[in-house]
There are 2 protein chains.
Amino acid sequence: MSLKLTILGCHSATPRINAHPTSQHLEINNSHFIIDCGEGTQRQMRKYKVGFSKINHIFISHLHGDHFFGLIGLISTFGILGREKDLHVYGPKGIKEVTVLQLKLSKSWTSYQLIFHELTSTESELIFEDDKVSVTTIPLTHRVYTNGFLFKEKPKPRGLNIDVVKTYKEIETCDYNNIKAGRDFTLSTGEVLPNSMLTSAPEKPKSYAYCSDTMYKPDIIPIIKNVDLLYHEATFLNDREDLCEKTKHSTAKQAGIIARDAEVGKLIVGHYSSRYPNIVDFKTEAEAVFPTVENAEAGKSFTV
Amino acid sequence: MSLKLTILGCHSATPRINAHPTSQHLEINNSHFIIDCGEGTQRQMRKYKVGFSKINHIFISHLHGDHFFGLIGLISTFGILGREKDLHVYGPKGIKEVTVLQLKLSKSWTSYQLIFHELTSTESELIFEDDKVSVTTIPLTHRVYTNGFLFKEKPKPRGLNIDVVKTYKEIETCDYNNIKAGRDFTLSTGEVLPNSMLTSAPEKPKSYAYCSDTMYKPDIIPIIKNVDLLYHEATFLNDREDLCEKTKHSTAKQAGIIARDAEVGKLIVGHYSSRYPNIVDFKTEAEAVFPTVENAEAGKSFTV
């Protein structure tokens, strides 16, 4: 398993007893990320055993309360718990000002470095990269400036076919990195051993696209093409498509169309409006367009 | 019953699964108030069936997160639910700026009038009054500017001894208000009926004092003298009195001393540090000084 997504909350608008606003924990290639942070996220993290100390990067899609009001509490709690490691926060311009103002008013400066990466671009851009993962924005269309996020594992080196390699005494361990990088090996006899014989293709890098909140926006399809896992908001069912235009949200059917046209591995729908009593209706509606759909539910995990 | 206090949360510092930060609902003389508003307060209000539409006044003691981070979510939810009535928020200077900034960033202006009453005085002052209740600040000493709040029922008129009054045909219903206001009644014969014969003393007005967060501060005793119910923070037990000086909190014993010297009816202790596994120890420690002590617990109500 190199990708595990855990839903911490997936309902829209107001927190209710069993309806938590949006937040997700993503583990990808051994890195841990929090995506959005509605009120109560820190409590949900404790409930679903997300280790606070593993989180170094938090991504906020937009500054509506149901995606954001839990951030200041989480930042404060990290401080109270004695965190020392840097924390990086990515989100729309303004996120730094409002966070710093709250820390200032409470005279509760963090014990650790808090580093903001404020986003303003309306084009997709690379906002985080290390040797394991890259994170790219997915510009969305909502009532306020909003980005989704595309998380991609970095390509892994080819795997050594060790049984084959060992049959050639001339190949030394110091040659392994070159071979894993894709090079052929030339024996002293002049015989060339093709790389395809010495290595196997690595596991395909895993990818996850988070798209919330947004109206139906086919422009995002090239960015999220072929991801393994897509979370796409589905606030309404098709019966209230009229509300999508007004509120800049999507229906479950529209989420299904995006998943189908982007040829993703699996679609997760969430961000349900409270007007609908049964969340399975969202799955059913999307499945009429795209076969592999799951409901987001607090505490549910999806692995690739 | 003219006073009912419901604890929505009573733990210090960070929200945990079963440890909610501070918030209280006070019903006094048919008025409803929220006192402090830690993260998750709106969820606790739903859980303990506090009607959102009854709340017109919210009092915030200080701007530490465990007393305040739930305010913006509650304000937003009131808007989403279509509130039209004014909402009054009382709290330290800065509370307006940070709330307005969050509403501005989310482009979510409230559908109702949001009226801030920013507090700066270090003297006790009357901050709210109507024909039923008055609210006065209790200046406290904490790491940031902090007020407790004293809620007092307005004195009620004397009760008519209707059986006695009815024996006098000369007393008409239009005289009742004068009699209830304390006046004697003079018959046409010149005989004076003393008011004490025509009326009974009204029920004593109820009062509640909320004191959190604060270090031990005997200065508050004249303000809270003889209240029916006192909530006083007790973050630590006596074994860690050293921490009180540093963090500007109180021990359970100190809360007991304040209750004893102010001659209150009942003391409620809360704001427990998470270092103590058993909250009953706070009650026991305070009881060594003052006999009538209760533990605050989420969902627990106290009536006078």
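Going from the start of the chain as shown, residues are counted 1 onward.
Just so you know, glycine gets a Cβ as well, placed from its N, Cα and C.
Curation plays no part in TrEMBL annotations; they are all automatic predictions.
Cβ contacts within 10 Å of A:Asp66 (active site, proton acceptor), excluding its own Cβ and spanning all protein chains shown: 29. Among the features that TrEMBL reports, active site, proton acceptor is placed at A:Asp66.
Among the features that TrEMBL reports, Zn(2+) 1 binding site is placed at A:His62, A:His64, A:His142, A:Asp213. The DSSP secondary structure for A:His142 (Zn(2+) 1 binding site) is coil. Within the same chain, the residues at least 6 positions away from A:His142 (Zn(2+) 1 binding site) whose Cβ sits under 8 Å from its Cβ are A:His62, A:His64, A:Asp213, A:Thr214, A:Met215, A:Lys248, A:His249, listed in sequence order.
Taking a C-beta cut-off of under 8 angstroms and a sequence separation of 6 or more, A:His271 (Zn(2+) 2 binding site) has the following same-chain neighbours: A:Cys10, A:His11, A:Ser12, A:Thr22, A:Ser212, A:Asp213, A:Glu233, A:Ala234, A:Thr235, A:His249, A:Ala296. Here TrEMBL flags A:Asp66, A:His67, A:Asp213, A:His271 as Zn(2+) 2 binding site.
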Going by Cβ pairs closer than 8 Å, show me which of the binding-site residues A:His67, A:His142, A:Asp213 neighbour chain B.
none
Per DSSP, A:Asp213 (Zn(2+) 1 binding site) is which: helix, strand or coil?
coil
